[in-house]
Amino acid sequence: MFSISVVITIGGLPGSGTTTMARRLAEHYGLKHVYAGKIFREMAEERGMDLEEFSKVAEDNPDIDLEIDRRQREAAEEGDVILEGRLAAFVAAGELDHVKGPDLATLKIWLKAPLEVRAERVAKREGIDVEEARRRIQEREKSELKRYKEIYGVDPTDLSLYDLVLDTSRWSEDETFSILKAAIDPLLEREDP
């Protein structure tokens, strides 16, 4: 399909637009979409728990995060994929002890937006009020930050690993998509990135 193996990572905090952009980009470029959040949600559902409950369980069970990472690294090694998740760039870059290896990423993207904007998006998506969405986001972020620091010794909000950081509150969904395509297209045209 492409002259290179394409591995694009998209990370961001809840409500920043990562899933929307990852889906659209995967469809546009004909890439697989491997989504850490979906894997995590499926694991929670299998145990009959909501995300908050399962996040608490995951704090004491690093095997949950390690399994998600292994699946993402395998997908990166296969190539032609968009990896979505807060640690996707770390996984693709081979930066974590249990997934050491060469940096497989073609492009590492971090999407961000202010908490209030993200809370409004999550509230709309999940059919809850904004205050509840804000509370859930803050709890989830606190839980994830704790897990990631304890399990991996990394701070997923350290943006130095990323090639592109974009505030999605400044543009519409279509404009954000266009900006990301403008960053990706030249990389896919090169024979040797």
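Including glycine, each Cβ sits where the backbone N, Cα and C put it.
The ATP binding site annotation in Swiss-Prot covers G12, L13, P14, G15, S16, G17, T18, T19, T20.
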Enumerate the residues of the same chain, G12, L13, P14, G15, S16, G17, T18, T19, T20 excluded, that satisfy the criterion Cβ within 8 A of the mean position of the Cβ atoms of the recorded ATP site; list them in sequence order.
M21, L111, A113, R118, R121, T168
Could you check the binding-site residues S16, T18, T20 and say which one's CB has the fewest neighbouring CB atoms inside 10 Å?
T20
If you count, for each of the binding-site residues G12, P14, the other Cβ atoms lying within 10 Å of its Cβ, which residue has the minimum?
P14
